[in-house]
Amino acid sequence: MLFWIQHKWSGLWLLILALGGISLFLYGFFPLKYHSGKLAHMDDLPNFIDGVSIDGHEVYNSGENSVILMVIDGLRYDFVTEEYMPFTGQLLKNKSACIYVSVAEPPTVTMPRIKSPERKKEKAQWRRTINFWRDIFAMMTGSVSTFADVALNFGAPAVKGDSVLRVATSRGRHTILYGDDTWLRLFPGLWTDYDGTTSFFVTDYTEVDNNVTRHLDTVLAPLEDKKPKFDFLVLHYLGLDHIGHLEGAKSPKIKPKLIEMDEIVKKIYAAMQTWDRTGVLIICGDHGMRDAGGHGGASPAEVLVPLVVIKSADFQCPHEQGPGPVVAQVDIAPTIAWLLNTPIPGDSTGKFLPSLLPSDIRQHLYLLHVNAQHNVKQGVPTDTEYYRQFKRAETQFARYLTSGQQSAARIAKEFYDESLIAMSKQLTESTTDFDMFSLGLATVFLYFVVTALACVTLYSLQPDNQRKISITDKHRTNIGSIVAFAIIFAVFGTILTVACFITETKSQFCSFNPLWSIAFLSMVFALTVTYFLIKTGVEKIRDLSMLRELNAIDYLLIIGTLFHAWSFFGTSFIEEEHMTWYFFWNTLMFFVLVRTIVVLVMYFSKRWSGATEVQEKPDLDHRMSAVGVGIVPKWVLLIALHRYLRTMNQTGDRWLFLPDTADWLNAPENSIYLQGHLVFGTLLTLAICLWNIRHMNNYMKFHSIITILATLCILCYRITTNALHSPFEEIKSWDNVLIVEIFWWLLAGQTIFEAITYLGVFKACGYNPNSKFAYSKPKEKSEDYFYDIMEEPWNINDVKLNLARSLTHIMYNQMMLIIVLLMRPHNVIMVPSIYITCLITAKCLDHKLLDARPGRNTEAADILGLTLAHIWIGAVFYFYQGNSNSLASVDLGSGYVGLSEYSPVKVAARMGLHAYAGPALAGAHLFCSLPTSDMNKYLQAVWRVSNIMALQRVYQLVIYCVIAIVFRHHLFVWSVFSPKLLYDFVATVFSVQALLTIAEIVLITHIVSWIARAIIYRRLS
Amino acid sequence: MFSLNNHLELRRVTISSLVTCIYLPSIITAISYKGVLYSVGSGSSFYILVLIFVAELVKSFYLSSSNEIQAKRSKGKTRAGDIIKSLGFLLGITFCFFLGIMLFGAPVLDKHEETLMLSSLLTLLTVFPLVAHCGVEPAVQLLFGVKSFNKDTIVAMLVNNALLTLCGAWLGAVVIPLDWNTPWQQWPIPCYLGALGGYVLSNVLTVLKVTMMSGANKYKFLNFFINVINRLHISK
């Protein structure tokens, strides 16, 4: 077991385990399976009721109907009265219309207060889409959407599964939309005719509605043969909601608006009378509004919305006068589907609206049967009372069909109704319920992992000699440890199994079917491994003297990192996470500023006044050389730079729509400054890359040439995308996909070339590359000859180290170039800024500066401080760049750079690298700046850094998991907590990827060195 | 750091801290009673600064009246020059604070008046007592850590006050971004009040500590609290 804790990549393995844990957590948090995407078909209609044959198509047929769905945003239940809507109220009173209470899903995101410049429209668009998503989704598919529906549809909000519109189109129905264009984006290509309106301006409550109403006269007028022009018409009115947002529900503007709506109802009602077929008008709100205006809560005024059904002919509302029965939003879908004579959408869980069910008993019962049958197909458990009720109802229905007994029909109807209510409830609940067993287990497991990681990290931070003692333990018998492992494995297996049965969970995790058994066993295995890691860690961590070397800045870094994870208990700390980081980073910069001043003052005072002895001066100079006298002005300039970058992008939630520097730069009249930023950032990056090339085997200046060519590609790409003006007009017509393609080839070529030069191929061919990195025999000293013969005749280890350093720098350079390519023009300046920040910060955090006690071993403390500082820098730049914890801030545009068509992997990789550019660059810089005195030191540093990074990542993850469990019923669970969970998941994936890259680099160095030894140098010598 | 040896100094420190503990909360109470607490950032609240200035000046006269011999020696010769020099120095410090606050996140293009008020307050509470107590040059030396102040109780207290004031102002900024939508989450009210709070807290701690130190002879367990307070003092 000792081997594990000493293993150089145990941090990475544990991080991968944590990724498994968080995947299980996500599985429990976002129930994924329920939207099967099954498409309904007319042939699905049952033709036998309990063995009795019935013609499904014929009975199901609802006749010829035209349906109008009129959605009035923000229509509150108490607005549909004679006072506000006289005509509708009248219809309700004489029972030619029916009203229901419908319970809306609480909307996820409230309408943003937009004073929107052009650039932010995309974000606003996304928020609006989510805003309407749940309601439209429920009304059209008949199923409650889960967060996964929103998140997994990323970038393409189209509904993939079945919907009323899909079935209607497949049956050749004529569908028309007038209203908010979210409908178009949810159901693209399913409309025969449409006119979408966009409304970014809440202040506009007249124009949005006029844009809808202006088509009504033409569309409502029937054709020559008195046929209406459509089968299904959707009208979506936003004006009322806008007034509510502006002035609240008591505003004097509400009444005229409602009367306007009432006029429209009247107009439609009148038009319906002129048709030769039945017209059905369904009026509903998608959510209510608070008296103070706005919505987003779960108070009755916001959640209870009216649903009014008006039919053109022979209609008598069966319900009593008054508020009407409660229905769900999902009930609209099957009802409309039936009215259009199309099958019920595949995932629908709704019921038919009772007042529209036909009076013909046979058809009525058949519809109820179809409805129940449909629900059963969606996986209702068969061992329940309501399923048996459904079976009984079916028997009674069959009895009615054969004998025609009215009593049987009555009983059947009663049974059907009862079982339908229970089934709908069950289906809706199973969609929204959390899998608590998985959540709890995943959290406990993550706790194990984080403890193990803490042990591994502390172990790795011990000074060398402490670790060497334990090598003797290696020779202990293996059988003992295998038996111990088996026992603990069995114990954990038993505990888990018992937990499964005690909690009586319905979780899939405890279903013990083959696939889940694998997950079950791997969980047991992982738990066992972490147990042994913790056990060994606790036993072997003996010397934590390095903790004594930590100074105030290190403590600030550690405490800040620890505290940050806990701050997420407040929703506004999640939405405004950038503020936390900015505050921490400012504090750190302040501390460092004080430190640099102190160091400088100490230096000068010692030089001039105190110790002017001959031997102290060189020592002083030596200790100052790391930072130099210029550090204070440099640091102040760095603070100023960060002050500027902070204004670049407003992010978060509250201040998102305030104007920022990026807006100013993107204004057309300031485009010259924007181009200045772009060119300056790109050229500075080029300079940094060229400077980094000194770490590589710059054979025949090959790397310099490639870097310059790659930068030229980037500039050309900018020109073709019109971000940059150039005197050469013809560049504009170049194909930008091709340019990016060339760019990739250049970078790939660079990496391969570097590996090949290290193989020594060129030397074998007769060239003599830069001797600095070539394999050579060290000078043999005669007296050491005896010892040398055992060792490597070539300087393999030096070359290995050089190769590792060179590859890391190539990785860093290429990452910078790629990110410069992906970034928005105004953000390009971030890339060199990260480099400068990392460089100066690393210098200032050195534990060997003047104010520290001299002569201590500070390596571990250095690495700890540096790693945390780089994590902070990454986080700060992550937010400078305009990211936040809301899904709205993901920059979709960056995913398509240099791509002509959609390809999920490539788009995801680009978007990921773009979003996490800050952390990635800071991390890469850290790995570039690790101490490189010899190979073992280097590997040890890599070991420590990767452990600390993994620990920080998993720590944040586990705390957040607890928070997500605590707040799982919170109102903001969709808009705030779930996106953050997804962000954390993605961050973990990228951390794994980053550490894997470092592991790959080390692996490549080993392989290259092995090949070199095995083939080329054997031959040469 | 505080020693019981010099009773005279200790008494002065205690009394001046007590005075601060009384007069600053009184000012805050008075202005909040008048309903103008949330206008502390604007220029109209300049009288608060004047009040603090006068109070600190009186305190510093009281504190340094012990060094009569020293005072006599320096009296007469360069009194006027000293005052001008310290005023210039204070103005410079205020400007440094102004720039620093902006660098660390205050609005750059607007709200200059508010930022200026905050930086004047910080100067008054941190550097001014030091300058008034021991003059410009020693204050500079103290600030940059050239001169050690371990022996001098009064200076130690002043430095502590300054540090806690800065901490208070720094921590005050935490509440600005929270979504409580209260009227006092405006720049620079939390920082302004935080600075005052830090200053008062530091003085309260001093009084507490002196009280406990005198009681510690009788009740040994008080030593524990003294140690706790000693830890709270950030100065070395």
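Positions of Cβ are set from backbone N, Cα and C atoms, glycine also.
Just so it is clear, the model here is predicted, and its values are computed rather than measured.
Quick look at what TrEMBL lists:
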type     : residues   : note
DOMAIN   : A:550-992  : domain 'GPI ethanolamine phosphate transferase 2 C-terminal'
TRANSMEM : A:12-30    : transmembrane segment
TRANSMEM : A:436-461  : transmembrane segment
TRANSMEM : A:482-503  : transmembrane segment
TRANSMEM : A:515-534  : transmembrane segment
TRANSMEM : A:555-574  : transmembrane segment
TRANSMEM : A:625-645  : transmembrane segment
TRANSMEM : A:672-693  : transmembrane segment
TRANSMEM : A:702-720  : transmembrane segment
TRANSMEM : A:815-842  : transmembrane segment
TRANSMEM : A:862-880  : transmembrane segment
TRANSMEM : A:957-977  : transmembrane segment
TRANSMEM : A:989-1012 : transmembrane segment
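With pairs at least 6 apart in sequence, the transmembrane segment (A:625-645) and the transmembrane segment (A:12-30) have fewer than 3 Cβ pairs within the 8 Å limit; the two do not touch.
Here the transmembrane segment (A:815-842) touches the transmembrane segment (A:625-645). Their Cβ atoms form 3 or more pairs under 8 Å, with each pair 6 or more residues apart. In this model, the domain 'GPI ethanolamine phosphate transferase 2 C-terminal' (A:550-992) carries an average pLDDT of 83. Touching of the transmembrane segment (A:957-977) and the transmembrane segment (A:702-720) is ruled out by the presence of fewer than three CB pairs under 8 A, sequence neighbours closer than 6 excluded.
If you look at the transmembrane segment (A:989-1012), the same-chain residues 6 or more away from its ends with a CB under 8 A from one of its CBs are 9, 11-12, 15-16, 19, 755, 758-760, 775, 796, 799-800, 803-804, 807-808, 811, 912, 916, 919-920, 923-924, 927, 939, 942, 946, 949-950, 953. If you count C-beta pairs under 8 angstroms between the transmembrane segment (A:702-720) and each of A:436-461, A:482-503, A:555-574, A:672-693, the highest count goes to A:672-693.
Within its own chain, the transmembrane segment (A:436-461) is flanked in space by residues 5-6, 10-11, 14-15, 17-18, 21-22, 24-25, 27-29, 467, 496, 499-500, 503, 505, 507-510, 523, 526-527, 529-531, 533-534, 536-538, 540-541, 544, 546, 860, 863-864, 940, 943-944, 947-948, 950-951, 954-955, 957-958, 961-962, 965, 968, which lie at least six positions past its ends and keep a Cβ under 8 Å from the stretch. Sequence-distant contacts of the transmembrane segment (A:555-574) (same chain, six or more residues past either end, CB-CB distance under 8 Å): 580-581, 584, 587-588, 591, 653-654, 864-865, 868-869, 871-872, 885, 952, 955-956, 959-960, 963, 966, 970, 972, 976-977, 980.
Beyond the transmembrane segment (A:482-503), the same-chain residues lying 6 or more positions past its ends with a Cβ under 8 Å from any Cβ of the stretch are 1, 437, 441, 509-510, 520-521, 523-525, 527-528, 531-532.
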